[in-house]
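Features of the protein shown, as given by TrEMBL:
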DOMAIN    20-239  domain 'MacB-like periplasmic core'
TRANSMEM  21-42  transmembrane segment
TRANSMEM  277-303  transmembrane segment
DOMAIN    285-397  domain 'ABC3 transporter permease C-terminal'
TRANSMEM  324-352  transmembrane segment
TRANSMEM  372-396  transmembrane segment
TRANSMEM  417-440  transmembrane segment
DOMAIN    439-639  domain 'MacB-like periplasmic core'
TRANSMEM  674-697  transmembrane segment
DOMAIN    677-786  domain 'ABC3 transporter permease C-terminal'
TRANSMEM  718-740  transmembrane segment
TRANSMEM  760-783  transmembrane segment
């Protein structure tokens, strides 16, 4: 019996190939989009959650506050002394480690090539006890990284330098220093913030052996003995560390310690690189798309139910039971849904690499490994079969056979009534995401075009960490000889992503108990000139200021430049601040310059007090300001040639400062891309359903259209008659979506200190565009019906 039902169902599907194609294609498209979004959501949600002991891993971060300040200034790093102190003083801590970026050049030399490796990490010997990566060569041991110049590398790096040989015990020369390979681990997953190529022992560096509290440069991770120790430990550590700071040289600083679960950091912490709101947005988008595709599928089944009414009537007259009719419709739907699901899964597998590249996130389809995923597929098929097949079957089977065969059934009317409600839902969802996409794109444009207070245009960034002082000076002099180069400067950090964690204390005229938390950036003397940062009081740095900072004798003194907010926080006017002595994390000097406020971080955040001070021995970045009328390709070639003359053994690499600034809005750009792509798909799915629905509507009114044409109705009048109902539904959807969209965008824009206004014309553009698309979709079928010969529709009357 079941075999007969399958044959009948398959025959019905093949008989109506156009209907079957539209229904299967629309649902498969929705499933594909849903799965791609789920892959992204799983990737983000599982960030750093793959460690075996993840429930006991903690991230330690700091908030600094001076006595005159109301709020803590947050930094995701800690002083060097924090980790060993926590391990020694608190019984709840099983292991504590410090991580830091390798600050050397990273030049790896082999017999055949010279390569600059960038993803190098310094760590304590307990690194692999805390972050338990599987070993490919060697084994987990407390001896790993316990001696100077030991290194553990990843599979990719081992293959790159040692090919098929065992890397264990081999030597890797980095910056002319031999490092002994003591282990090879699997490549870290892409969804981790510890995405290293190699982990180097920090035992050769003096600063890791000292009890330094005044400078927060290291990431500190804890492995707790008990998963329930997070909250109690945070209170104890905060009191303990705060007391240490009170007795340190920066004694006015107050500290708040955060001990957070590592699994929560990515999405729930200020230290994280993710954004929980975007997870909610994409989850809502994924649900909306699968709902829209499901509604579209059900809509087409309902619209076609009138055609199946006589078939059901005949079967009932011939003795078919109600459950048999219900089962047949259910089986037809289940077959179509199963086919659509298989097609959707295939296209998900096929398109995932392209989707990953499009949004700039390397993802893997981890859902295949989850048993719940297959259960969800089965439940989805059953639910959609009941919704798409059971509902129409129940409606038709309730009617009496005699009324059906006389053509007096209300099925068509009821089916189209339900379908119209579902059309409103479809277009409401589509309009919501289209409008949100327009707002997100507009906000991203605003962020990229807003004047941040420093001129970052036409600035090329070079890797300064690989240059010694003499090489850097020679390169600067060489570059300034180029006609296209307007200026050259350098700094420790990029000026669009400066790190915090500094304290200005011992401020002249304010007493020893006053301190403020500031962001600070070490720079070369031409920094203000190259970036065109306005000076509002005092004067720019000179060579003499650099020499005084370089002097390591008792005469060493720094010349500080601060912004207006820093002067205000210290309690000075711009002019009063000039000449005042202060202590910046152990650097003693006087304020020489006050500059205008400028943004040195994302525009999500307010401008903070900043101190700019001269550096002389290390710069992470070199900035080359190029004339706006210069040939950029030729200029880059000339800069590269200068680099090769000064540093021929290191490959030339460069990028634009605008790229660093754009990186601040990576998630916003991902959001705009994803929203744009899937908004287009939602409107396509909605129009696909509307196209088929309008075709069935025209077919239902074919005799009415014939009579109207015979009585003299024009083509335009008939087209208007057939389209007005559908366009009205889209307008209703627009009216419903506007307040919902306004509320969502209002909440999203509140995340930004600087943002656009919610403008009415964006709603107008989205509404007019959607109505126009819907009108064109329906008009195709309406014009086709209006141009048909009325004789064909009336010959049976």
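Sequential numbering from 1, following the chain as shown.
Each residue, glycine too, has its Cβ placed from N, Cα and C.
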Considering the transmembrane segment (324-352), which listed stretch of 277-303, 718-740, 760-783 counts the most C-beta pairs under 8 Å: 277-303
Candidates 21-42, 417-440, 674-697, 760-783; stretch with most C-beta pairs under 8 Å toward the transmembrane segment (718-740): 417-440
Ranked first among 277-303, 417-440, 674-697 for CB pairs under 8 angstroms with the transmembrane segment (760-783): 674-697
Tertiary contacts of the transmembrane segment (674-697) (same chain, 6+ residues out, Cβ under 8 Å): 19, 22-23, 25-26, 29-30, 33, 37, 40, 281-282, 285, 288-289, 292-293, 295-296, 299-300, 303-304, 306-307, 358-359, 416, 419, 423, 426-427, 429-430, 433-434, 436-437, 440-441, 722-723, 725-726, 770, 773-774, 777-778, 780-782
